[in-house]
């Protein structure tokens, strides 16, 4: 099974963004209606620690799914999608409300700094490792076929198109066909990357339409902009769900499971939850529920997790005809409630928050991107046939190695590049990115492929 | 396995957007063109003699199982002076059963490439239906083939080890060969070839110690695909007097066995 879920997104505005928000707030001294609302209504959610906890739950589900312990753990990917849509859209909307526009260059540069270093490192390390293992005949699960698929899949990962490549290769996600593909799990990363490329442009277009229809100044009104985004999200999400239903092949739903078009609704529902009207709705809902809010939120979480235990892969009734959509909707509501609850600390700390904000779960969420990147290659390369390992013992070893690699990736690569590496910004950063990309391309092209099996012509 | 037409279109669009990089990246990572397996390159080296025997052009229809066999077949036919056209389709290619309608939409047009030659249809693992439905579908295929003045050769599929996906359709697949044989008996322009001589009556991963079939229980591996190719060329030489298949030494080890179409073979 080659499912793979996802990776993390940020929960904390990056330093540059925070500085920008502070500056823009100070500079906004005009007092016309929309400007005032922009200043008062969009107090940033900033870092929401419980969302890291949700990431931790999501990656745990995925890990248990891929190690054969939780048949519905693949739904963790869906939670990742919703989280990504929510967090990214929140950042974009804040920037739009503050400046009336979005700097695509800065946005994509941030995305690259966030995602590329860990990904490139994993790609290179895994490729060289499997190549060496095959040449050294070092056993384990590495073989010529695996090296060939790794080298051929690599460029598509780099192009953020691996999900479409795997579909074209007929590498069904739900059968054993993808077992030898070390990068099969990156389909979901590709879906998110494609979303990151397209979505800001759609938001800009939405803001432009608002500006042309009801006045330029109104596009900075978070409520007006929010309603427009909700409308866009709603239409696109319904279209996405419709495509999922129409394109579904019950015998093998790989197409609808890994297609960007058919999975977009999860990202879009997360995006809708990040808008100002949705935020107001969550606020009112929490006020309405009063002391029962904690119980309701806990029940919502329990419902989502229960679905992970009840879902049985493709056999789950209605999974692709509304089930995933319902899961994404519930996830979006939960995320919105968690974020709004976090923004109102006077409400006190509910039991659910205590769990989601617990240190182990938050830490798991914080390393979830790298953990997601590394876990599948580790699982494939460390097949259960390893002597003396099976069941939970094997799972423990696989997860232990994956977590160690993920932690190293987080602290040695992700964080330094995001927060401390001055060379990763501006022109220097672009040059480094281009050079690293070229090096990866050279890796795919120049690394000698193992020869295919020799045909015995005397036996045909 | 799933129908990939939409995905392939999307991939092509996306590839176009990133053309330079994609071309650079994929040129060395795929081997289809090198193998001439898509009717390009070596596959176009048609000789007059092969065409005169009526065996060329030869167009192969089938699903992803046949797609693996198309790799050596394209090489072998090219070395034999024939022109090979690979019209197999991963996740489809069937003339009845799921999504067959999509196949029929442009099938007559695609078969025009086989004008005055041969169409080989390897029964697919998706040929689900009643015996009558199977008969009608193969008969319809014979009709559109005759419209381009080509012969039709129906070839039985390799026996499979069914997983959950196929388990409920094994009874239907079991009647497909007989339906094809009946159509061949009714139409002089149609031949039926029973490939049991190649694969055996039931799925077997190994043949004489060689890995013939993928561990997925469905697809073929290079050695098996090569044995099938050799067998089919021999059958063609009997059906088309004058056609002389190339020696396996000329096509068996030309690089196609490293194609990533073959999985579960190491």
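Yeah, the Cβs are placed from backbone N, Cα and C, and that goes for glycine too.
Per TrEMBL, compositional bias 'Basic residues' is recorded for A:1-10. Annotation comment: TrEMBL describes A:1-36 as region 'Disordered'. Residues or ranges marked as compositional bias 'Basic and acidic residues' by TrEMBL: A:11-21. Marked as domain 'Acyltransferase 3' by TrEMBL: A:49-407. Here TrEMBL flags A:72-93, A:114-133, A:196-216, A:223-248, A:264-282, A:289-311, A:317-339, A:360-383, A:389-408, A:429-447 as transmembrane segment.
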(Q) Suppose I define contact as three or more CB-CB distances under 8 A, residues 6 or more apart in sequence; do the transmembrane segment (A:72-93) and the transmembrane segment (A:196-216) meet it? (A) yes
Q. What parts of the chain pack near the transmembrane segment (A:223-248), using Cβ distances under 8 Å and only residues at least 6 beyond its ends?
A. 34, 37, 41, 89, 93, 96-97, 202-203, 206-207, 209-210, 214, 255-256, 259, 261-265, 268-269, 271-272, 275-280, 320-322, 324-325
Q.
As a test: from A:114-133, A:196-216, A:317-339, A:389-408, A:429-447, pick the stretch that has the greatest number of Cβ pairs under 8 Å with the transmembrane segment (A:360-383).
A. A:389-408
**Q.** Sequence-remote partners of the transmembrane segment (A:264-282) [C-beta within less than 8 Å, at least six residues beyond its ends]
**A.** 41-42, 78, 81-90, 93, 191-192, 195, 199, 222-223, 225-227, 229-230, 233-234, 236-238, 240-241, 244, 324-325, 328-329, 331-333, 335-337, 339-340
Q: Summarise the model confidence on the domain 'Acyltransferase 3' (A:49-407) as a single mean pLDDT, whole number.
A: 90
Q.
Could you check whether the transmembrane segment (A:114-133) packs against the transmembrane segment (A:429-447) - three or more CB pairs closer than 8 Å, residues at least 6 apart in sequence?
A. yes
Q.
Please report, as numbers and ranges, the same-chain residues at least 6 past the borders of the transmembrane segment (A:429-447) whose CB is under 8 Å from any CB of it.
A. 109, 112-113, 116, 120, 123-124, 127-128, 131, 151-152, 154-155, 158, 423
